[in-house]
Amino acid sequence: MNSTLCLSRPIRSFSLASFQNRKFVEAKQFKPQLTSCLIESSKLKCFGSVNSRTGLRAHQQLRDDSGESRRILSRRVRVSSNDAQFGSLPNKGGTESSSFAEFITSERVKVVAMLALALALCNADRVVMSVAIVPLSLAHGWSRSFSGIVQSSFLWGYLISPIAGGTLVDYYGGKVVMAWGVTLWSLATFLTPWAAENSLWALLFARAMLGVAEGVALPCMNNMVARWFPPTERARAVAMAMAGFQLGNAIGLTLSPILMSQGGIFGPFVIFGLCGFLWVLVWLSATSSTPDRSSQISKYELDYIMNKRPKSHAVENKPKTKMIPPFRRLLSKMPTWSLIVANSMHSWGFFVILSWMPIYFNSVHHVDLRQAAWFSAVPWSMMALTGYLAGLWSDTLIRNGTSITLTRKIMQSIGFIGPAIALIGLTAAKSPSTASAWLSLAVGLKAFSHCGFLVNLQEIAPHYSGVLHGISNTAGTFAAILGTVGAGFFVELVGSFQGFLFLTSLLYFLAALFYNIFSTGERVNFDETVS
């Protein structure tokens, strides 16, 4: 009778919810108790008079409970702050989640934070001349068109290095090439005051050398992100790195007038150059080129990165890319041309706004240099914020089942059509505040492009992302030179900045259409022979 009553009670089944109860957190106590039930089942009165089949079912139930509990225990042990990404990731067996604090303390986020600092310095060194060009033009009597040539001298060097730099990145890795790049562009920035004091040609040469060194920055960023981040985190990682890029604009435009007022025209060149040398020392000592070479990464985070990355994207496990990439095959695919067109339009709009907006606010809205720099800097801060939000949204779309191709097209459409409409609004602005609001909207929406074509480079060509970025960057530099110099001549001939902004808006619409027709988020086979 006792056995019958005992078996009529439901044998307890331990689930994940019950295991999370405080009573069951003490795993060391729970495991011996469960084992003793299995080993010494003969001592339980409830099994004293039952038949063998019933006892076997009860015994099997306890064994099932034991196996389930052991799986729960092992799963709890495997999960750590570095093993999960920010937000949640759906798995076949359930969902893993982590807090924002757990994500930002991971080693891969430290790497992308260093990349963001490098890109901030990259742009700060670049935009100093956008502010310094006003007093330099007055001192030397330069015309608007010649001022555009001086500012475009950076792009002459930038035109040379992206393809060669991208090839070096694919061969040697992003860490080494980025260290050399930051060292050289910081030296060029530091020596700019000396060059300007000696001759115009020395100044142009220093700015061109700055461009040569900075041409490797974005290919290095793409290479490091592809190595350190799984596909479901890459848009966010690129957005974080590019946030530093945009904040560099804001820092350079706002601090340069202040530093000039305290230390002369060339004060910011010296300060930013020294900051670059300091960054290189930290970069070389605190980061590694790949996760498996890092001495500071946890085993959990390393396993997470390697397991979440598709095998076809395991860049670090692949033999070194050939020193001479297959240019003909790369250029034979329309997805490559969609990236070239997108990068060209992105660079056109970026450099026109970057180079000419201080002069635009100074000449059209009649604000002084410091105010003009401030009005021009606010949009870049907006771009840093919207870029990160775009990255979060992009990764969320992919995790929720939206195809990579559609996600990239959505991001790129917002990144081009949004600025096109906002620039039309800018031409109608009657006050500096209204103009700055329209410009902030244009630049802020432009950040969505970073989750479009910029991430797309890693997806269609994971083993050639550096050189492909270099090719598209070279085309973008041509467009940037044409836009920067062309804006100066256009204003001299037509006498209006507004007309050039209308032209830029039209080009944005056309580039968005081309990208949506020919782009893809799937990997493209660039290793097959072209017939």
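Including glycine, each Cβ sits where the backbone N, Cα and C put it.
TrEMBL lists 111-523 with the feature domain 'Major facilitator superfamily (MFS) profile'.
According to TrEMBL, the transmembrane segment annotation covers 111-136 (among others).
What TrEMBL records for 148-169 (among others) is transmembrane segment.
Per TrEMBL, transmembrane segment is recorded for 176-196 (among others). Same-chain residues lying 6+ beyond the ends of the transmembrane segment (176-196) with a Cβ under 8 Å from its Cβ atoms: 115, 118, 121-122, 125, 128, 136, 165, 168-169, 202-203, 205-207, 209-210, 212-217, 219-221, 224, 265-266, 269-270, 272-277, 279-280, 283-284, 289.
Cβ atoms under 8 Å from those of the transmembrane segment (202-225) belong to residues 111-112, 115, 118-119, 122, 125-126, 129, 150, 153-162, 165-166, 168-170, 173-175, 177-178, 180-185, 188-189, 191-192, 194-196, 234, 237-238, 241, 289, 315, 454, 457-458, 465-467, 469-470, 473, 477 of the same chain, restricted to positions at least 6 beyond its ends. Positions annotated as transmembrane segment by TrEMBL: 202-225 (among others).
Away from its own ends, the transmembrane segment (237-259) comes close to residues 108-109, 112-113, 115-128, 130-132, 221-222, 225, 228-229, 267-268, 271-272, 354, 358, 369-370, 373-374, 376-378, 380-381, 383-385, 387-392, 394, 443, 447, 450-451, 454-455 of its chain (Cβ-Cβ under 8 Å, at least six residues beyond either end). For 237-259 (among others), the entry in TrEMBL reads transmembrane segment.
Cβ atoms under 8 Å from those of the transmembrane segment (265-286) belong to residues 110, 114, 117-118, 121, 124-125, 128, 131-132, 135-136, 175, 178-179, 182-183, 185-187, 189-193, 196, 252, 255-256, 259 of the same chain, restricted to positions at least 6 beyond its ends. The annotation transmembrane segment is assigned in TrEMBL to 265-286 (among others).
The transmembrane segment annotation in TrEMBL covers 337-357 (among others).
The transmembrane segment feature in TrEMBL is assigned to 377-398 (among others).
Per TrEMBL, transmembrane segment is recorded for 410-429 (among others).
Under the heading transmembrane segment, TrEMBL lists 435-455 (among others).
The transmembrane segment feature in TrEMBL is assigned to 467-491 (among others).
Annotation comment: TrEMBL describes 497-518 (among others) as transmembrane segment. If you look at the transmembrane segment (497-518), the same-chain residues 6 or more away from its ends with a CB under 8 A from one of its CBs are 334-335, 337-338, 341-342, 344-345, 348-349, 352, 356, 360, 363-364, 409, 412-413, 416-417, 419-421, 423-424, 426-427, 452-453, 483, 486-487, 490-491.
Ranked by number of Cβ pairs under 8 Å to the transmembrane segment (148-169), the listed stretches 111-136, 410-429, 467-491 are led by 467-491.
Tertiary neighbourhood of the transmembrane segment (377-398): same-chain residues 87, 231-240, 242-244, 246-250, 253-254, 353, 404, 407, 410-411, 414-415, 436, 439-448, 450-451, 455, selected by CB-CB distance under 8 Å and a gap of 6+ residues from either end.
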